[in-house]
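Novice: Below you will find the structure I want to go over with you.
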Amino acid sequence: MQSIFGTDGIRGIFDKELTYSLAYKVGYALGVSTKTNNPILIGRDTRVSGYILIEAISRGINAAGKEFIYLGICPTPAIPFLIKKEKFSGGIMISASHNPPEYNGIKIFDNNGEKIKKKLENQIELILETANNLKLSTYKKTSIRENNNLFNIYTEGLINTMGDENLDGMKIVLDTCYGSATTCAASIFQKLGANVKVINNEQDGLKINLNCGSTCLDPIIKAIKENNADMGFSFDGDADRVIGVDSEGNIIDGDHILFLWGRELLEEKLLTNNTIISTKMANLGFENTWKKIGGILHRTEVGDKFIFEAIKKKKALLGGEQSGHILSKINDFCGDGILTAIQISKYCKKKNISLRSWLNSSFSPYPQKLTNVLLNFKFKNIDKSYKEFINETIESFSNIKKDNCRVYIRPSGTEPVLRILVEARNQQEVDSLSTKITAELSTKIYKISKTF
């Protein structure tokens, strides 16, 4: 049996790779594998398929003899935050993060509020194999009610991270991308005193992430300029990521957020060994400038679970990804886009500086180009020998190195594509090398796939 888990749980197109039956069995498997009788916390984003999958998972949990509590539509970080605070035995978030509406996913958390480790993934898959003959009709339909009191604990927790600080007088635009951030992002900023303009704020599972949010910044850039705002923040579908935009439309991605936030902690002498954690996607300009001010950047594979593992190992206080997924000790590394946004806003207010000026004081990024090579197969589902051959092919291209030039290639953990990152000091070299590698790699992968 091929693993159903990718870099961030289980993900796929609803009713094709991710079915009602699979969700039911995952709920059952988690229920069987939990070590306590405390309820399992479940939530979802706004996708149309979300409620169907919630019903399947909750029935599976009940079939295993365990109870669940339904949080409703919520940001993903609400699940691990509340697991830790309220002592749930585990949690499930139904979301495909930044992916289009037809996708959905299952993110699973253990009783510590952490993404489950490989050992538990294997245990769940083993239970799934033995649960193939489990009959859905044996179990009655489950009553599903939202728990608003728990959600309020989460939002109050975010507000409390600000202490006595506020955002009075700040004009801020938020793009909630028809997703989880629609539940609370605007109200949290308003309670902190900000003058808020919010766009794409309907809970619409057919529009989630479409031409909006952290992967499409044109709408928020336009709204910032039209409203003469100080800054803006654009979230992804489940609000665990955020990208900032200054008053002139310049983008503050995860690298910039890590550098600016990290530098504040460095100056306050709070960073363990002056270290922050990022991934192999992090910009060389970021790393080189961070080193110049006395910092150490530790890189991991792409994925917040790898960042979290490195944070624990290095005893770091801050880590994240260029995509805007930031993990901070402030909320026990729950990876919360709304938390990141209010903290960045707080620093600007506290320092009496515009986000534009703060960005200018950071680093000059090297030009990067990220290209996707479409695969006619899912990398994780192919035979081991083919996988090794493709990995060798990828490695041969990844080893292309010149002065101040970097190539990083990886299979997507959520989509049937290879992601090719090329980085160099000038755009011409980036474009030339990217075109060459993409063409050659596409040809080789196509030839390999014809032998399947």
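Positions of Cβ are set from backbone N, Cα and C atoms, glycine also.
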Novice: From Ser97, Ser362, Ser364, grab the residue that Swiss-Prot records in the same Mg(2+) site as Asp236, Asp238, Asp240.
Specialist: Ser97
Novice: Using Cα coordinates, what distance in whole Å links Ser97 (active site, phosphoserine intermediate) and Asp236 (Mg(2+) binding site)?
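Specialist: For Ser97 (active site, phosphoserine intermediate) versus Asp236 (Mg(2+) binding site), the Cα atoms are 6 Å apart.
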Novice: Using a Cβ-Cβ cut-off under 8 angstroms and a sequence gap of six or more, which residues of the chain neighbour Asp238 (Mg(2+) binding site)?
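Specialist: Set apart from Asp238 (Mg(2+) binding site) by at least 6 residues yet with Cβ under 8 Å, we have Asp45, Pro75, Thr76, Met93, Ser95, Ser97, Gly179, Ser180.
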Novice: Please state whether DSSP places Ser97 (active site, phosphoserine intermediate) in a helix, a strand or coil.
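Specialist: It is coil.
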Novice: Just how many other Cβ atoms lie inside 10 Å of the Cβ on Asp236 (Mg(2+) binding site)?
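Specialist: Around Asp236 (Mg(2+) binding site), other Cβ atoms within 10 Å: 33.
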Novice: Test of understanding: give the count of other CB atoms lying within 10 angstroms of the CB of Asp240 (Mg(2+) binding site).
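Specialist: Other Cβ atoms within 10 Å of Asp240 (Mg(2+) binding site): 33.
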Novice: Which chain neighbours of the Mg(2+) site, leaving out Ser97, Asp236, Asp238, Asp240, have a Cβ atom within 8 Å of the mean position of the site's Cβ atoms?
Specialist: Asp45, Pro75, Thr76, Ser95, His98, Gly179, Ser180, Phe235, Gly237, Ala239, Arg241, His325, Gly337
Novice: Let me know the DSSP-derived helix, strand or coil state of Asp238 (Mg(2+) binding site), please.
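Specialist: Assignment for Asp238 (Mg(2+) binding site) reads coil.
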